[in-house]
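J.: I have a structure I would like to understand better, so I am pasting it below and will then ask my questions one at a time.
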Amino acid sequence: MNTVKTVRELRAAVARARSEGKRIALVPTMGNLHSGHTALVTKAAQRADFVVATIFVNPLQFGPNEDLATYPRTLAADQEKLLQAGCHLLFTPTVEEMYPHGMADQTIVRVPVVSEGLCGGSRPGHFDGVSTVVSKLFNMVQPDIAIFGQKDFQQLAVVSALVRDLNMPIQIIGEPTVRAADGLALSSRNGYLTEAERATAPALYRVITHIGEALHNGEQNHAQLLDDGKKALEAAGFRPDYLEIRQAVTLRPATPDDHDLVVLGAAFLGKTRLIDNLHLTKQ
Ligand code: PAF
């Protein structure tokens with residue numbers, strides 16, 4: 001596996017692979033890789049001949065009071081994991097390489113509707129930063145497919161809308177969330193949890209799953225389900241940010257007549273904000 005730091009080297013390596021007739025997959029990440037990320041790379045290696053991973057902690061998607069400075073940077077361990085998972089090329093640009101003209105005047109890609117509310121409501125500008133950096137990476141690599149985790153359900157919806165609306169010939173693939181044995185979704189931010197918080201953390205998915213089961217069993221009172229869910233989160237020690245039942249594709253609020261649903265939750269444990277979701281089809 002080669003690691004390159006410049007767009008020029010990246011384009012040259014991808015062009016070589018393409019000239020050999022290879023199908024290209026892209027797995028964008030911010031590093032500090034866990035088995036959720038390596039599952040994306042494994043899937044990419046099954047679906048394409050040449051797998052490009054990127055590690056870039058993108059300042060444009062962090063709010064002023066978020067964890068940009070402390071976000072874990074673990075390049076050597078990440079390189080080893082990527083190699084084992086079947087990655088061929090790793091791109092690790094600097095901020096100057098990604099934003100050579102600075103970020104203040106950077107062209108911003110904004111995806112309406114699906115970017116709004118949920119994490120977009122709690123983290124203003126976050127999805128503009130994501131759609132902008134993902135658009136840049138797509139233009140740099142021009143992959144045939146790109147793979148994202150379903151844990152970031154709203155991000156996956158934003159990226160899917162982005163390629164659809166901008167006619168990018170890239171197939172977006174969502175991979176199921178990888179969980180610890182107790183149900184907690186793997187996330188780089190789990191490393192911020194204290195021992196006691198880590199023990200509490202799986203309750204987020206339990207509450208979401210409980211709502212999903214009730215919907216499956218025909219419960220139609222969404223407001224009551226969400227109210228009970230928030231109370232259960234508080235009782236477990238969380239400070240809920242949001243808990244919502246949405247239409248799975250548009251992410252608009254769901255009505256009892258909708259069948260393709262997603263339950264999405266975000267909640268703080270101490271200073272750490274966790275997110276999770278459950279996608280379900282109601283009969
Ligand atoms: O999910 C992430 O790690 C990031 O949001 C992404 C997609 C790599 C863009 O910076």
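Cβ atoms are placed via backbone N, Cα and C, with glycine included.
Automatic prediction, not curation, is the source of TrEMBL annotations.
Sharing the feature lines straight out of TrEMBL:
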type	residues	note
BINDING	30-37, 149-152, VAL178, 186-189	ATP binding site
ACT_SITE	HIS37	active site, proton donor
BINDING	GLN61, GLN155	(R)-pantoate binding site
BINDING	GLN61	beta-alanine binding site
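For the listed features, I'd like the structural context: burial, neighbours, distances.
T.: The Cβ of SER188 (ATP binding site) lies under 8 Å from the Cβ of MET30, GLY31, ASN32, HIS34, TYR71, PRO72, each of these being in the same chain and 6 or more residues away along the sequence.
Residue environment of HIS37 (active site, proton donor) contains 26 other Cβ atoms, counted within 10 Å of its Cβ in all protein chains.
The local packing around GLN61 ((R)-pantoate binding site), expressed as other Cβ atoms within 10 Å of its Cβ over all shown chains, amounts to 21.
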J.: Could you state the CA-to-CA distance between VAL178 (ATP binding site) and GLN61 ((R)-pantoate binding site) to the nearest Å?
T.: 23
J.: List those of the binding-site residues MET30, GLN150, VAL178, SER188 whose Cβ lies under 6 Å from any atom of ligand 1, in sequence order, or write none if there are none.
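T.: Near ligand 1, sequence order: MET30.
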J.: Give the number of CB atoms, excluding that of GLN150 (ATP binding site) itself, located within 10 Å of its CB.
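T.: I get 19 for this one.
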J.: I need the CA-to-CA distance for GLN150 (ATP binding site) versus HIS37 (active site, proton donor), whole Å please.
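T.: Given the Cα positions, GLN150 (ATP binding site) is 11 Å from HIS37 (active site, proton donor).
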J.: What are the sequence-distant neighbours of GLY36 (ATP binding site), meaning same chain, six or more residues apart, C-beta distance under 8 angstroms?
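T.: The answer is GLY149, LYS151, THR177, VAL178, ALA185, LEU186, SER187.
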